[in-house]
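In what follows, a single structure is set out as structure tokens and then discussed.
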Amino acid sequence: MIWTLNGLRAAGVTLAVMVGTPALAAECIAPADPGGGWDFTCREVGRLLAEEGLVEGNVQVTNMPGGVGAVAYANVAGKRADDGDVLVATSTVGITQIAQGKYPGGIDQMRWLAMLGADVGVIAVAKDSDMQSLDDLLAKLKEDPTSVVTSGSSGAGGWDHIRLLLLAQAAGVDAIDKIRWVQFDGGSPAVTQMMGGQVGVVSTDLGEIKGFVESGDIRILAVLADEPISAFPDLPTAKSQGYDVTGYNWRGFYTGGKVSDEDYAEWVDKLKTLYDSPEWHEAAKASGLEPVWRGGDEFAAYVAEQEQQMAEISRQIGVIQ
Amino acid sequence: MDILASLWDGFAVAALPINLALIVAGCFAGTLIGALPGLGPVNGVAILIPLTFAFGLNPTSSMILLSAVYYGCMYGGRISSILLNIPGDEPAIMTTLDGYPMARKGQAADALAISGVASFIGATLATLGLTLFAPLLANAAIYFGPADYFALYVMAFATIGGISGTDPRKTLLAALLGLMLGTVGLDPSTGVARYTFGSFNLYDGFDPIVALVGLFAISEILFFLEQKVQEGKLVPPGRVFPRLSRVKEGLGASLRGSVIGFVAGILPGAGASLGAVMAYSFEKRLSDKGTFGTGDPRGVAAPEAGNNAASGGALIPMLTLGVPGSGTTAVMLAMLISLNIQPGPLLFERSPDLVWGLVAALYLANFVLLILNLPLIGIFTRVLGLPAWGLMPLIVAISYLGVYAITHAAFDLMVMVGFGVLGFVLRKLDFSLVPVVLGLLLGMDMENNLRRALSISGGDFLVLFQSPIALAIYGVTIAFLGFSLWLSRRGSSAVQAGVGE
């Protein structure tokens with residue numbers, strides 16, 4: 001009897017914690033399970049929005065996992081397209097999915113608010129690798145695209161894969177669809193498999209694998225950012241080595257497609273205020289993000305451009321027809 | 001000496017009153033969460049993370065609380081496996097095989113005591129392994145490539161045929177069904193949607209825990225409805241207090257299970273479920289005289305020691321490499337990162353307080369869990385004294401709550417009911433449900449590793465046989481199968497001789 005009573009109680013507590021307290025002004029939908037990047041974006045930004053007094057009360061975080069964000073996308077497009085209180089966390093990964101037709105509808109279904117920060121893509125090799133620079137790697141791939149096994153945390157056609165291919169393209173590798181790509185369940189598993197000699201190169205976000213950079217177990221051939229990043233100023237960018245490729249995995253938000261211009265502008269303003277606060281810069285740095293701002297129309301244009309770029313390269317490697 | 005000194009410092013951290021309180025609270029909460037069908041360590045830990053932030057706990061205390069919950073869940077998962085034939089979480093599936101038959105024979109208290117002690121042995125040995133060898137073992141785990149993991153899963157599937165007492169052909173068919181169900185969803189290596197029929201809800205495939213709750217809990221309800229039992233009990237409560245002699249029977253199996261589980265835990269691609277499967281099938285081959293599956297104490301001890309040892313082992317790659325070996329450690333990893341602690345090669349140097357405090361807390365948690373669990377046996381067995389008409393609706397309610405709490409999707413409730421109907425039909429046809437869940441659970445990882453190995457080789461299947469580790473695993477598998485074939489030949493004549501007794 002006690003067991004069952006406690007059972008009920010524990011289940012009740014669970015629901016209370018999961019659902020949060022009712023009647024809140026703003027809601028942030030994290031289209032993933034608790035613990036992931038999108039969940040983190042919602043919780044951190046939600047916390048800071050409340051702390052800075054930019055929203056009334058708290059920001060309720062709702063987890064709506066499914067279809068790498070597709071379930072949340074369908075939900076907002078179908079049921080809450082004009083709800084000006086909803087933020088949905090997304091990132092470059094979401095745009096990749098849209099570009100490959102894996103969401104119900106294109107980017108025009110939503111209004112794109114802003115990005116607040118980005119994880120920076122890196123190209124890494126093991127410390128005992130014979131490849132010393134990006135040139136070494138790209139020269140090898142140019143000579144024989146199958147000579148190096150590349151890997152990362154996304155599947156073929158995912159963002160880790162695509163940004164590596166953008167580099168290869170910039171270096172003039174023709175048969176980019178011949179390059180071998182292995183998917184792992186995250187950046188760290190990919191790196192440890194590389195340290196074990198299973199794969200030659202890892203392309204992924206710096207944030208997750210920075211521990212291996214600090215310990216010297218891996219060598220970063222290139223950082224895919226405009227400028228050297230503040231946490232690791234010594235790491236060379238791809239640009240400084242003559243390849244004009246950036247590979248940000250930005251974190252940002254969209255809202256429903258029928259949200260009014262006032263509500264839209266208000267959110268962009270609030271997010272900009274948040275972005276300018278030292279608290280956000282601190283929180284971003286703590287989680288390995290570079291603070292990067294693009295908001296409002298500028299962000300929408302950026303999303304459109306990125307979507308096109310991804311659709312194009314996805315066609316080239318045969319992920320979409 | 002170094003380790004001892006560090007560990008001593010660790011105990012100083014763990015013995016702070018706040019941390020001690022967290023250990024006890026975490027163990028208790030974890031045991032309950034683990035015992036509830038549907039709620040397992042992953043959600044237990046995920047649920048408590050907001051609390052650690054709300055209470056403003058420092059990283060060490062947070063990790064201590066979450067690890068206590070994690071260990072507690074692994075202990076708790078067995079309780080409903082034994083009492084109700086409904087696993088509390090995935091790794092506890094194997095415990096149903098002999099635990100529930102024991103309960104049906106009126107030995108629920110014995111089974112709970114055996115599994116409690118086995119859990120203690122498994123978890124303590126794993127913590128000892130973590131203390132002594134963590135960095136060393138992490139380095140060894142690095143050399144396990146996709147082809148080697150694939151070989152490991154081949155070994156697991158090769159032994160599945162013999163795990164449940166019914167017709168091995170039915171067992172294999174059930175495992176195949178699980179494998180097929182496991183292919184639903186986005187293919188991780190290419191992102192292509194498989195068998196989703198245009199539904200985004202199916203993109204992530206079937207969550208094993210949803211399948212598990214449906215197959216076991218919901219089908220149990222359907223069975224109950226069919227029998228139209230108004231009064232009466234599911235199983236006899238039997239003795240309230242366990243007998244020491246029965247507990248002793250499981251000791252050897254616990255030790256063997258611990259070693260197997262620990263190894264599975266260290267390998268990030270394996271995990272607690274695989275640990276429990278391997279521990280059970282090895283123990284069965286080694287000591288089965290036809291009693292496994294009918295309530296053999298060793299069949300309870302081995303998988304419980306295995307899954308608890310695996311959870312301790314899984315902390316090694318999580319802490320030293322930042323690579324989670326299970327869903328739970330993935331959530332803990334995310335929390336560490338959000339506390340600005342970078343797990344990885346430098347963690348032991350940079351945050352010795354955290355690491356050693358955590359290790360010491362794990363030792364304490366084990367003792368707390370043992371002390372907490374043994375007296376509770378009397379209470380748990382009384383659950384069986386509840387009339388079925390009261391217990392069953394409660395199980396339905398908890399199942400629905402649990403599944404909704406994990407996935408936040410009403411769609412998954414329907415999936416759960418669908419699996420319930422499937423489970424009902426399969427049981428009617430005398431199929432064991434355990435291999436279905438194992439097929440689903442292990443099949444996905446097996447396929448992923450096969451795909452990775454083939455991506456590396458550019459499609460050449462020879463890559464599967466080029467690694468010495470993989471070859472060694474295949475060798476063990478073949479030897480194992482040959483050994484059991486030989487045993488069964490001898491066994492069948494022994495059984496015939498035994499009939500005359």
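Including glycine, each Cβ sits where the backbone N, Cα and C put it.
Per TrEMBL, the features are as follows:
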{"type": "DOMAIN", "residues": "B:20-438", "note": "domain 'DUF112'"}
{"type": "TRANSMEM", "residues": "B:12-35", "note": "transmembrane segment"}
{"type": "TRANSMEM", "residues": "B:47-71", "note": "transmembrane segment"}
{"type": "TRANSMEM", "residues": "B:111-134", "note": "transmembrane segment"}
{"type": "TRANSMEM", "residues": "B:140-160", "note": "transmembrane segment"}
{"type": "TRANSMEM", "residues": "B:172-193", "note": "transmembrane segment"}
{"type": "TRANSMEM", "residues": "B:205-225", "note": "transmembrane segment"}
{"type": "TRANSMEM", "residues": "B:259-282", "note": "transmembrane segment"}
{"type": "TRANSMEM", "residues": "B:321-342", "note": "transmembrane segment"}
{"type": "TRANSMEM", "residues": "B:354-380", "note": "transmembrane segment"}
{"type": "TRANSMEM", "residues": "B:386-406", "note": "transmembrane segment"}
{"type": "TRANSMEM", "residues": "B:413-441", "note": "transmembrane segment"}
{"type": "TRANSMEM", "residues": "B:461-487", "note": "transmembrane segment"}
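Between the transmembrane segment (B:259-282) and the transmembrane segment (B:47-71) there are fewer than 3 Cβ pairs closer than 8 Å, counting only pairs 6 or more residues apart in sequence, which means the two stretches are not in contact.
By the count of Cβ pairs under 8 Å, the stretch nearest in packing to the transmembrane segment (B:12-35) among B:140-160, B:321-342, B:354-380 is B:354-380.
Outside the transmembrane segment (B:111-134), and at least 6 residues removed from its termini, the chain residues within Cβ reach (under 8 Å) are 3, 7, 71, 74-75, 78-79, 82-83, 95, 98-99, 102-103, 242, 246-247, 249-251, 253-255, 257-259, 261-262, 265, 295, 297, 300-302, 304-313, 315-316, 319-320, 348, 359, 362-363, 366, 369-370, 373-374, 377, 380-381.
Only residues 6 or more beyond the boundaries of the transmembrane segment (B:461-487), in the same chain, are considered here, and those with a CB under 8 A from a CB of the stretch are 143-145, 147-148, 150-152, 154-155, 158-159, 162, 282, 285, 450, 453-454. At the 8 Å Cβ cutoff, the transmembrane segment (B:205-225) and the transmembrane segment (B:172-193) share at least 3 close pairs (sequence separation 6 or more) and count as touching. When the stretches B:140-160, B:172-193, B:321-342, B:354-380 are ranked by Cβ pairs under 8 Å to the transmembrane segment (B:47-71), first place goes to B:354-380. Tertiary proximity for the transmembrane segment (B:172-193) is limited to same-chain residues at least six positions away from its ends with a CB under 8 Å from its CB atoms, namely 157, 160-161, 202-206, 211, 426, 431-441, 443-444, 447-448, 451-452, 455. Confidence across the domain 'DUF112' (B:20-438), taken as the mean pLDDT and rounded to a whole number, stands at 84.
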